[in-house]
Amino acid sequence: MMKFLLTFVLLALASCHAFASDPSPLQDFCVAVNDPNSAVFVNGKFCKDPKLVIADDFSFTKFRYPGSTSNPLASKVTTAFVDQFPGLNTLGIATARLDFAPYGLNPPHIHPRGTEMLLVVEGTLHVGFVTSNQLNNTLFTKVLTKGDVFVFPQGLIHFQLNIGQTNALAFAFLSSQNPGLITIANTVFGSKPPINVDVLTKAFQVDNKLINYLQAQNWFENH
């Protein structure tokens with residue numbers, strides 16, 4: 001029985017480490033600071049001296065007003081990740097506000113370090129994600145309306161499109177203080193320096209004129 005309990009505890013501990021997105025904090029909080037000379041602890045980022053921390057370090061006010069959707073994608077994502085909201089450091093969570101004009105798009109992208117849960121506050125969104133090659137690149141889509149929630153698994157390509165004739169608003173919650181962002185089109189066709197044309201023509205099985213055209217575009221980033 002003792003051996004069984006010991007094995008169970010070890011497996012439980014191993015599972016916790018295997019499935020956690022961010023390491024557990026080693027203290028109550030660790031407000032990130034860019035100047036290591038004013039920091040006293042290190043836990044993920046340099047941490048602000050706890051004696052100097054104030055309530056404002058745990059508050060984020062940039063969600064009060066809609067983001068500008070006057071851009072080619074007709075959408076704006078306002079992120080509250082650790083770089084914008086230092087109080088999130090070590091807490092393993094982040095959030096974002098998504099504003100959409102009619103038919104606005106948050107284009108296919110990946111969060112390599114976090115699962116995303118989306119809550120629709122206003123409007124109608126067509127959302128979806130694509131599974132990995134191992135699961136045959138299966139597409140899961142859903143039309144969401146006010147109050148609906150959808151989850152996008154960590155590391156999978158996903159998107160959100162406003163299919164309504166009015167503005168839409170949603171909030172995303174992510175399982176990492178720094179979930180990362182890779183926008184597919186921007187990354188593939190807008191890399192600096194550009195990816196070799198021969199690589200992309202063969203990968204996408206198109207002629208080099210199309211690749212040259214795509215690489216010449218000014219790929220807009222709505223984050």
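Glycine too: its Cβ is placed from the backbone N, Cα and C atoms.
Copied over from TrEMBL, here are the features:
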- 1-20: signal peptide (SIGNAL)
- Cys30-Cys47: disulfide bond (DISULFID)
- 61-212: domain 'Cupin type-1' (DOMAIN)
- Asn106, His111, Glu116: oxalate binding site (BINDING)
- His109, His111, Glu116, His158: Mn(2+) binding site (BINDING)
How many Å lie between the Cα of Cys30 (disulfide bond) and the Cα of Asn106 (oxalate binding site)?
31
What's the number of neighbouring CB atoms sitting within 10 A of the CB on His109 (Mn(2+) binding site)?
22
How big is the gap, in Å, between the Cα of Cys47 (disulfide bond) and that of His111 (oxalate binding site), rounded to a whole number?
25
Can you count the other CB atoms that lie within 10 A of the CB of Cys47 (disulfide bond)?
24
Reported as an integer number of Å, what is the Cα distance between Asn106 (oxalate binding site) and His158 (Mn(2+) binding site)?
9
PLDDT averaged over every residue in the domain 'Cupin type-1' (61-212):
96
Around His158 (Mn(2+) binding site), how many other CB atoms lie within 10 A of its CB?
22
If the oxalate site is taken as the center of the Cβ atoms of Asn106, His111, Glu116, which further residues of that chain fall within 8 Å of it by their Cβ?
Ala96, His109, Ile110, Leu118, Phe152, His158, Gln160, Ala172, Leu174, Pro179, Leu181
Alpha-carbon spacing, His158 (Mn(2+) binding site) to Glu116 (oxalate binding site), which is rounded to whole Å:
10
Would you list the other residues of this chain near Mn(2+) - those whose C-beta lies within 8 angstroms of the C-beta centroid of His109, His111, Glu116, His158 - in sequence order?
Ile110, Phe129, Phe152, Leu156, Ile157, Pro179, Leu181
Taking only same-chain residues 6+ apart in sequence, whose CB is under 8 Å from that of His111 (oxalate binding site), what do you get?
Phe152, Gln154, Gly155, Leu174, Ser176, Pro179, Gly180, Leu181, Ile182
For Asn106 (oxalate binding site), list the number of other Cβ atoms lying within 10 Å of its Cβ atom.
27
